[in-house]
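K.L.:
What Swiss-Prot records for D523 is active site, 4-aspartylphosphate intermediate, and it gives a curator's inference as the kind of evidence. Feature annotation from Swiss-Prot assigns Cu(+) 1 binding site to C14, C17; the stated evidence is sequence analysis. The Cu(+) 2 binding site feature in Swiss-Prot is assigned to C110, C113. Residues annotated as Mg(2+) binding site in Swiss-Prot: D720, D724. The annotation domain 'HMA 1' is assigned in Swiss-Prot to 3-64. According to Swiss-Prot, the domain 'HMA 2' annotation covers 99-162, on the basis of sequence analysis. Residues annotated as transmembrane segment in Swiss-Prot: 187-207, 218-238, 254-274, 284-304, 438-458, 464-484, 779-799, 801-821.
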Amino acid sequence: MSQTIDLTLDGLSCGHCVKRVKESLEQRPDVEQADVSITEAHVTGTASAEQLIETIKQAGYDASVSHPKAKPLAESSIPSEALTAVSEALPAATADDDDSQQLLLSGMSCASCVTRVQNALQSVPGVTQARVNLAERTALVMGSASPQDLVQAVEKAGYGAEAIEDDAKRRERQQETAVATMKRFRWQAIVALAVGIPVMVWGMIGDNMMVTADNRSLWLVIGLITLAVMVFAGGHFYRSAWKSLLNGAATMDTLVALGTGVAWLYSMSVNLWPQWFPMEARHLYYEASAMIIGLINLGHMLEARARQRSSKALEKLLDLTPPTARLVTDEGEKSVPLAEVQPGMLLRLTTGDRVPVDGEITQGEAWLDEAMLTGEPIPQQKGEGDSVHAGTVVQDGSVLFRASAVGSHTTLSRIIRMVRQAQSSKPEIGQLADKISAVFVPVVVVIALVSAAIWYFFGPAPQIVYTLVIATTVLIIACPCALGLATPMSIISGVGRAAEFGVLVRDADALQRASTLDTVVFDKTGTLTEGKPQVVAVKTFADFDEAQALRLAAALEQGSSHPLARAILDKASDMQLPQVNGFRTLRGLGVSGEAEGHALLLGNQALLNDQQVDTKAIEADISAQASQGATPVLLAVDGKAVALLAVRDPLRSDSVAALQRLHKAGYRLVMLTGDNPTTANAIAKEAGIDEVIAGVLPDGKAEAIKRLQSEGRQVAMVGDGINDAPALAQADVGIAMGGGSDVAIETAAITLMRHSLMGVADALAISRATLRNMKQNLLGAFIYNSIGIPVAAGILWPFTGTLLNPVVAGAAMALSSITVVSNANRLLRFKPKE
């Protein structure tokens, strides 16, 4: 079965290098297509990643596997100490390897603007990727381009931009901009409605809005007042539309400018030269221009206020860092600004303090609340040698700790960076909406012109009036803004809410894939279980001494890195171990060596059988231990089986409850393990697993995932080790447990900040809720436009004899955007079912 593998390339410097790599890959019979750039390759075929990397190396370049579904958000990993789930739940990043830049944008009004700004940024030399977020009015740009070049590109496209250095400044400027924007929209709405409402009411109860010789001067004054309203309260619509026209584009502002402008120009023409129009066509529409501008500005104000609420989760994370830290020196303690704290400084924490930076405790004990980082509500006890993390709170106790990571290098900063990048990404469904939005405005203008022409040539008299009403109403009611906001608003709210539950999503596409899963595969060791195996029994045969058996087994395991080795060494921690010679690791079987003149074998039954050691006499004991969920580790001395060490890795305390939640949600649960089937089935029965794939060697995990996918299943893989990375990459969605290896986390689409399977259930529940919300928004926006535009074009006239008022169209347009934003904000209150 063909697959697409994403590779990160190194050593390429020009087009010739790209061509050489592409030709080398496509010469392989198992490669169907290779898309190569200077930095990456996307290869489709049946070849494995290892084979492709070897081919690239033979061509003279280097390559490594990157995330198959999305570009990794952190380009490098700096291994951290395995002290807490938090510290390892993110790949560390330095200021040098973070090539992303943030821009605050202004002047954008709909998805057409997004496409235009994104294309402008991606055309700048040095830009590898640009993500524009309409909901937050921001752009996240990857690459080596300078901030000045990026700002100039945006301004050339007709919009405003400001380069932002860090999250603190971004937040400050974004809040300033949001407050200023809301104030501006508010007074513009008040001014426009203050003129529009009285004129409309007067027209309804005191005048029929038809110009006559008696009221002509009064209407001329009203027309000039309306023009002033259009300039001062609606000028931004016309300026934006003009800039778009100069750049050969059309946006929502174009529709508003055309609709209100045509209505005013027609009314002023009737006002100045009434003799040119038949008596029945001398109707004025000044109030429509003022009311439409007022209602749309009011809608923008309410939308901006609702958008601010959508970033609530991320703002909570930003609020976690205190402004100062308590520095301990030889002269005593003093409070210093957070920006002055450097790695290596000694800091103090007492009850109630919020931790300012990451570090390691050197003295004292304390209970820390890490809920905002990990979603874990139970305070954690910390002592000397343990890690503490910026943003957590000391509930009780006092400690001294040495700063290890400050500023943008703290776990909290990396979480914020990951969340923000995920919020700026777009799923496939969102990209489809963007494509539609890109042609939406020109199509609406064409529909308005065609509808107006039909009414002009075939409509009732006075044709010019009906033509004007139809064209204006169609232009005003169409709402690309709702379409453009539908996806990003749901993503911002969903990703932010997930972060509150300790679930970090790499990108929006991962959320979409996670919402369609039907099978969840768990690695056993360290995922379903605690990852801390214990020797629960030692049974000897042929009168062999139990202590001697344990001593020899531990001696062999000194050279092994297997998790079971640690359990045996812990059991023999107080014993004097002999020197081992000729140590060998037999992959998937065990270890061998010589000690005190004896040939030793330690491993599974397959190892002893492979070395012609008879195990028939002890098969009953092996089966008995395996049926209880223990892993039988056999020791053979000089060709004879002399001992059985039963090693058991207990299930996590919340594994059963979490798996029950997943069962109720309709997922099929699969356990992937290298254990023998008897042991694996015993553990699966205890945990409530549906299917067991046992006896899988480390390099066979990805193949096991492939087999499940070939059955038509949508598969998530949950793991934490380096050997899980290929399976995490192969799965439709890889989920890395907090505390897992950096390689696993870098490969996974979703990272859990707490080492709990409840996080898996939470992640999948939030993914489903987010996609459901996204579909509701998109469906609502499509239905609104699909019904609104035909109604505005007069489709109901033959049946009801009525047309939609342009003012009602303006109100409906504003309401559609507010509805989308409000619906997305419901995700901020979402709680996964227990």
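Here the Cβ of each residue, glycine as well, is placed from N, Cα and C on the backbone.
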K.L.:
Quick one: find which recorded stretch in 187-207, 218-238, 254-274, 284-304 has the most Cβ pairs under 8 Å with the transmembrane segment (464-484).
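P.N.:
Answer is 254-274, with the largest number of Cβ pairs below 8 Å.
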K.L.:
Taking residues 6+ outside the transmembrane segment (187-207), which of them lie with a CB under 8 Å of any CB in it?
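P.N.:
For the transmembrane segment (187-207), the nonlocal Cβ contacts are 215, 222, 225-226, 229, 232-234, 286-287, 289-291, 293-295, 297-298, 301, 807.
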K.L.:
What does the DSSP secondary structure composition of the domain 'HMA 1' (3-64) look like, as residue counts for helix, strand and coil?
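P.N.:
Computed counts for the domain 'HMA 1' (3-64) are 22 helix, 23 strand, 17 coil.
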K.L.:
Using a 10 Å radius around each Cβ and counting other Cβ atoms from all shown chains, which of the recorded positions D523, D720, D724 yields the largest count?
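P.N.:
For the recorded positions D523, D720, D724, the Cβ with the most other Cβ atoms within 10 Å is D724.
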K.L.:
Tell me whether the transmembrane segment (284-304) sits in contact with the transmembrane segment (254-274), defined here as at least 3 Cβ pairs under 8 Å among residues 6 or more apart in sequence.
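P.N.:
Stretch pair touches.
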K.L.:
Determine which recorded stretch among 254-274, 438-458, 801-821 has the most C-beta pairs below 8 angstroms with the transmembrane segment (218-238).
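P.N.:
Counting Cβ pairs under 8 Å, the winner is 254-274.
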K.L.:
How about long-range neighbours of the transmembrane segment (801-821): same chain, 6 or more residues beyond its ends, C-beta under 8 Å?
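P.N.:
For the transmembrane segment (801-821), the nonlocal Cβ contacts are 135, 196, 200, 259, 263, 285, 287-288, 291-292, 295-296, 298-300, 302-303, 306-307, 310, 466, 469-470, 472-473, 476-479, 481-482, 485-486, 489, 777, 780-781, 784, 788, 791-792, 794.
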K.L.:
Tell me whether D720 (Mg(2+) binding site) sits in a helix, a strand or coil according to DSSP.
P.N.:
coil
K.L.:
Can you name the residues of this chain that are 6 or more positions from C113 (Cu(+) 2 binding site) yet have a C-beta less than 8 Å from its C-beta?
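P.N.:
Residues satisfying the criterion: G107, L134, Y159, T251, M252, G484.
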K.L.:
Helix, strand or coil by DSSP: which one applies to D523 (active site, 4-aspartylphosphate intermediate)?
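P.N.:
Looking at the DSSP assignment, D523 (active site, 4-aspartylphosphate intermediate) belongs to a strand.
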K.L.:
Return one of helix, strand or coil for C113 (Cu(+) 2 binding site), based on DSSP.
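P.N.:
Going by the DSSP assignment, C113 (Cu(+) 2 binding site) falls within a helical segment, counted as helix.
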K.L.:
What is the three-state DSSP composition of the domain 'HMA 2' (99-162), stated as helix, strand and coil residue counts?
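P.N.:
The breakdown for the domain 'HMA 2' (99-162) reads 22 helix, 23 strand, 19 coil.
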